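Here is what Swiss-Prot says about this protein:
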DNA_BIND  207-226  DNA-binding region
REGION    1-159  region 'GAF domain'
Amino acid sequence: MPNLLEKTRKITSILQRSVDSLDAELPYNTMAAQLADIIDCNACIINGGGNLLGYAMKYKTNTNRVEEFFETKQFPDYYVKSASRVYDTEANLSVDNDLSIFPVETKENFQDGITTIAPIYGGGMRLGTFIIWRNDKEFSDDDLILVEIASTVVGIQLLNLQTENLEENIRKQTAVTMAINTLSYSEMKAVAAILGELDGLEGRLTASVIADRIGITRSVIVNALRKLESAGIIESRSLGMKGTYLKVINEGIFDKLKEYN
């Protein structure tokens, strides 16, 4: 049976691995599963707004309402507000506690249900909450040491996620700005008309039709599309006589165009 040191090493080793795809609906599912396995419990990670980032159900709780939280990926406001007022780990909360993960209607079925809440901090900010629970067995002192370490590790990963998201947004904004600055007045006019033709972020268009409607040459539209594609703003594919298929992959172009209108 792994001892405390071995379990601690397993948790800290999580920092050496990346989270699931940041585009995934639950980017921290794998991490939650690893922590649940190490601490021997059910676990979930929510951000400051109560959005579910990842969870692992090692043991069946038979609570439909809790499982609904996981399906909608959003915890109720009253619970999020209560959890946000927890500044230090609250351990071994009974089913009668307001912070218990076990709904009131199932108290009789899980009279020995235990919940532990740990705040997640990173860079001096509250980033979320780490929630673990068991159907009966209390969390020992060793378990709680692991919880403290786990919440710190999750905090570091959440901070990394925020940094990566910020860097990605800056990269996209920079790409849009540089692309816009290379466009002539006519090309800017063409881009606005092209994006207005799309059904959301993608669609089919005919360059000659757009050119005739806004009073520019087809070559202007072709040049504008080429510049946007080389900047990673759009993807395009010729459909032959049917026109061109277009997909926007950097949505920042829409906001940038509004600034020029």
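A Cβ is built for glycine as well, from the same backbone N, Cα and C atoms used for every other residue.
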Model confidence over the DNA-binding region (207-226), averaged pLDDT: 92
Secondary structure composition of the DNA-binding region (207-226) [DSSP: H/G/I, E/B, coil]: 17 helix, 0 strand, 3 coil
